[in-house]
Amino acid sequence: MHKIEKKWQKIWQEEKAFQVSNESSKPKYYVLEMLPYPSGKIHIGHVRNYSIGDVIARFMTMQGFNVLHPMGWDAFGLPAENAAIKNNSRPQDWTYSNIEYMKKQLQSMGFAYDWTREINSCDPEYYKHEQKFFLELYDRNLVYQKESLVNWDPVDNTVLANEQVVDGRGWRSGAIIEKRYLKQWFLKITDYAEELLNEIQNLKDWPAAVRVMQEEWIGKSTGVNFHFKVKYHENTTIEVFSTKPETIFGASFIGIAFNHPIIEQLICKTPEIVNFITKCSYITRSSEIDKAEKEGIFSGLYVIHPFDANIFLPVIITNFVLMDYGTGAIFGCPAHDKRDHELAIKMNLPIKQVIETGNIQEGILINSDWLNGLTSSEAKQKVIEKFEKLGIGKRSVNYRLKDWSISRQRFWGCPIPMIHCKTCGVVPVPYKDLPVTLPDDVSFDSNYNPLEHHSSWKYVNCPKCDNSAIRETDTFDTFFESSWYFTRYCNSNAVEMTDKKACNYWLPVDKYIGGIEHAVMHLLYARFFTKLMNEHNYVSIREPFKGLFTQGMVLHATYKDENNNWLYPAEVVKKGNEFFHKENNTRVVQGRIEKMSKSKKNIIDLETIREQYSADAIRLFVLSDSPPEKDLEWSASGIEGCSRFINKLENMFEAIFSLKDDMKSEINKDLNRLIHLTIKHVADDIKTFSLNRAIARMRTLTNAIYYEISKDRIDVRTIKYGFNVLVQLLNPFIPHITEEIWQKLGNKERLYKSVFAEFDESILELSTYIMAVQVNGKLRDTYEFDVDISEDEVKQITVNLPKVQKFLAGKEPRNIILVPRKIVNIIV
């Protein structure tokens, strides 16, 4: 198989098989898998993702489409920098070496990529365009810098966006996140929150789960902002945001965020308060708040109820109010809010019911003075009107989504093209001086950004006044590069950021394939970037991905030795029902079956498996054992079965090729119908990404043809036709062996250039059908009827069948129950 695979990979390369033109009379189809980070090796999870995309690309090509199927590299990022620190090397050397190796791996798998469009995000020829675009956004006031409380990863020594903090820990390092105030660059994604939210409903070909995740992340809330006066400090107010102002008479406290400004202004920071604030600082996301136990501490302050000056509400510093949502303050109504209720129970605060049914949602107002008897919606309007009349509140819309923090305090990223001058302030780098590139001669002798200590790079003259100034030493968040790369594939050699004409032809991406873990960050940022690029005339679209498919993960068992160290599967051998270390024969503990990951070493080396089996066998296995959207458990027996199937195809070719045509033989209608049914269903299955079902159907056809070969009297013409069809249907899945067999079958045209097999609708129509014949509900016979027979004729024929007459014993049936084309039940 390896010789066959190398042969066809060479042919495809020489024939430029998968290069596509931007000029074509064919309809276009743009299929794209999320580009990989060049970490060193392609893993099986990648292979599954890329195999799914490759099936679609090859199938759509055979369907007559001009298919764009590119590949590139998301090449900036922390792993390269960490490797440089560890190995005393340069990040670019590590990155480019990995790209070279991983590209060879992808090519060895036979993926149909147009490599002429390859992009590399760490190439200055790529990132110079995003630097210019950043400056264009700055000119539109869509970029700003401010000091803000950020998520600081103490291991990676950089800031993380909220989306990059998982359960209070850094998404890569796993370190507990700290809160720090730093100057950061932001993009105003919140200016586009409403459009990003509204357009979700038009993403019909996206998984519902992803749409819901984006809706929840944007998190639109409609309510009111209003002010409470602080007791004894009546010139000072606390502004709260509420979506349920009608419950104001049930308020028993004010909850504020741990970093609310009033804490610095008026609150005496006792040791208990300081400790509580420190504890709260580890909670960075509302998803973590939902899981956390609700806690609070009395601040020492009270506020005055806006509608009753005799009611004073305690101000509680809480762990479930965030400063970056709403105003950083809420009023707590424990009777009608779960979180407020939990805190009230813990702190012994009053719980006053103000909705008659006690519902958290809606009902009739009680215990609410002038709101009594109103419905919740009526009361809400009346309260808001009162706030507005008193001048203490106004209607407001809030979003959970916050502006995108794009600054990272690391070296291996795209430099932010700004200069800091003591005289002129912040000055953009002139367009003519782009790209701002990274220096080659950096030292990684510490765990901090080496740009801070590189004097010849850091110190420059101000473009405005020519005085000494300092470059911005932060680099872009790597999601910046991956937010627009799909537009660059349309013409990766474009002089400008994009080739507008090429983008008009190819975009939007028809099918985007990747993991659901990117549902919020990457996909949201890419949607945002597309809207920005549209407004700058780089693209004509405002949504980048027409269709989205999220594949499941590849799983494998985990293993640990007696010292609790992770082991690779290749280091473990099974003896009976137990596991042992191959080298020292010590006992090994098998852990959970989990997503393949380097950290837990439960990964399969692609090169080892490919050498042992074949690229086609791997492709077939990752597509056949589970629906593509579900997780797939790696199985040695599974890939062995796929390898045997490929060998079976080769053996079938030898057997079929030697058969002599017999023009007098009767056409095998059943086999011919199965062939055409398989063509129809496989095409439908590929279109709906039911790839495992398509493979199952082709296995059924394979077995049917194999069975026919073994008969004494056979229809050679239909067998040969069916085998030709089978090879063609299998080609998008296992392209190497099918190209080889196709050629040996005497076909002149390359299989990748052929038109996908078409079915004949008339052959699918049955001329007869078989019915089960029952007497008193028990099967007594079967009978084959013509499709155009009437129900009365069916009843007449079945009653007179000898096996039925035996049970009738000369009597007339009491009733005949007919289920058309399935069952006739004669009641005696």
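Even glycines carry a Cβ here, placed using N, Cα and C.
Swiss-Prot has this to say about the protein:
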{"type": "BINDING", "residues": "K598", "note": "ATP binding site"}
{"type": "MOTIF", "residues": "36-46", "note": "motif ''HIGH' region'"}
{"type": "MOTIF", "residues": "595-599", "note": "motif ''KMSKS' region'"}
Self-check item: Long-range neighbours of the motif ''KMSKS' region' (595-599), counting only residues six or more past its ends (CB under 8 A)
Solution: 39, 43-45, 553-556, 566, 631, 634
Quiz item: For the motif ''KMSKS' region' (595-599), DSSP counts of helix, strand and coil?
Solution: 0 helix, 1 strand, 4 coil
Practice problem: Write out the long-range same-chain contacts of the residue listed as 'ATP binding site', meaning residues 6 or more apart in sequence whose Cβ is under 8 Å from its Cβ. | Solution: S39
Exercise. Could you tell me how many residues in the motif ''HIGH' region' (36-46) are helical, how many are strand and how many are coil under DSSP?
Key: 3 helix, 0 strand, 8 coil
Quiz prompt | Mean predicted confidence [pLDDT] for the motif ''HIGH' region' (36-46) | solution = 90
